[in-house]
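Student: Taken from TrEMBL, the feature signal peptide covers 1-18. If you look up TrEMBL, you'll see 79-99, 120-141, 147-167, 179-205, 217-235, 242-260, 280-300, 345-366, 386-410 marked as transmembrane segment.
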Amino acid sequence: MWAASCLASCCATCACSACQSVVGGISRRSARIAYCGLFALSLVLSWVLREVAAPLLESIPWINHFHKTPDREWFETDAVLRVSLGNFLFFTILAVLMLGIKDQKDPRDRIHHGGWMAKVVCWCTIVFLMFFVPNGLVSFYEGISKFGSGLFLLVQVVLLLDFVHSWNDNWVQKDEQFWYMALLIVSLVCYLATFSFSGLLFHWFTPSGHDCGLNTFFIVFTLILVFAFAVVALHPKINGSLLPASVISLYCMYLCYSGLSSEPRDYECNGLHKHSKAVSTGSLTLGLATTVLSVVYSAVRAGSSTTFISPPTSPRASSEKPLLPFNKVDEQEDRKKDEPRPVSYSYAFFHLIFSLASMYSAMLLTGWSTSVGESGKLVDVGWPSVWVRIVTGWATAALFIWSLVAPILFPDREF
């Protein structure tokens, strides 16, 4: 007994030392990666609790206080929402604390980049306490999460527009024949992929013998938008390029596919249901991994994007620092400079993106809180998910056309 006690004590000490070593090794420029890791951990925890925590939640009196115990799927959804609520509160508190930081001399800059052991403990504590809050608060959070998820998708759209326009401008500024040919080839490949994709959508989601007018409308309307992009981009007054139009066309067609594939598996017009009667653990893991990568990339990209933070002429906008430092000399030079240096990105907005991403991931893992029966075991399935994807595609189209037309309509303003 004494030996076992000593062994347990030694293991605990080693674990604490390892954690302190890991969090102590997080530098200024790797802090964003650390936040992404913490967010990814919350998604994994949500998924695990969704699979195993239902029996435990059923036995908790302040959660299961109903006259008739709900289905198991209610408790699975509740577990995901409570973890998401804790994650949302953690990043929202950090976002509020980081408001107004302009340079690295601000004491709150240390809070953002340091104190990782304390932040991990706070995160664990907040998530744990969420399992003691009343069901009404969780239901309220579930409702607002649908709006927060929409905002997060809108952020993704603006980020994509910012990326494709920057990509096009970068190649055009080289003013060489090779890069013009590259623009043409990439544009043609994107258009070829778009039209091939549309053919597959007609094959999968408009099966013969069924009235699938809604699916047909979604696909045809997306094709109309694809042609509209090209017409607007090539208009003499716009003097645009086919590269952004082709990339946005492919993305809108992908959103159309994503929306149609989220239709309930028992829906007769969903041709994928023949292959999705049962979802294996491997496919579910792949879906979650894709979600993690998408959300984490969007959060990091948005946190440092000049589209949301400042105009291109500002010091922050001109700063293009990597997420991870590859040259330690740069860090040493940073320490030598005593003058206040402006922050390279908005800390408050960075954490706000994680807050919205927490809502978005909860909706994905719960099928937008409407998954029942067999769909309860699927990621991102249900009619709300369908309409969110389709409307996001339409919003992408509207924003892209506006990004081309706005400089013509308002020449005196910067966009």
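Cβ coordinates come from backbone N, Cα and C, glycine included.
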Student: Does the transmembrane segment (386-410) reach the transmembrane segment (217-235) with at least 3 CB pairs under 8 A, where each pair is 6 or more residues apart?
Tutor: yes
Student: Per the definition of 3+ C-beta pairs under 8 A with sequence separation of 6 or more, do the transmembrane segment (179-205) and the transmembrane segment (345-366) touch?
Tutor: no
Student: Run the contact check on the transmembrane segment (345-366) against the transmembrane segment (147-167): 3 or more C-beta pairs under 8 Å, excluding pairs closer than 6 in sequence.
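Tutor: Since 3 or more Cβ pairs under 8 Å link them, the transmembrane segment (345-366) and the transmembrane segment (147-167) do come into contact.
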Student: Under 8 Å between C-beta atoms and at least six residues away from its ends: which parts of the chain pack against the transmembrane segment (217-235)?
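Tutor: Tertiary neighbours of the transmembrane segment (217-235) are 191, 194, 198, 201-202, 205-206, 241-242, 244-246, 248-249, 252-253, 256, 259-260, 390, 393-394, 397, 400-401, 404-405.
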Student: Checking distant contacts: for the transmembrane segment (242-260), what same-chain residues at least six beyond its ends satisfy Cβ-Cβ under 8 A?
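Tutor: Residues packing against the transmembrane segment (242-260) from afar: 160-161, 164-165, 167-168, 171, 183-184, 186-188, 190-191, 193-194, 197-198, 200-201, 204-205, 215, 218-219, 222, 225-226, 229-230, 232-234, 270, 385-390, 392-393, 396-397, 400.
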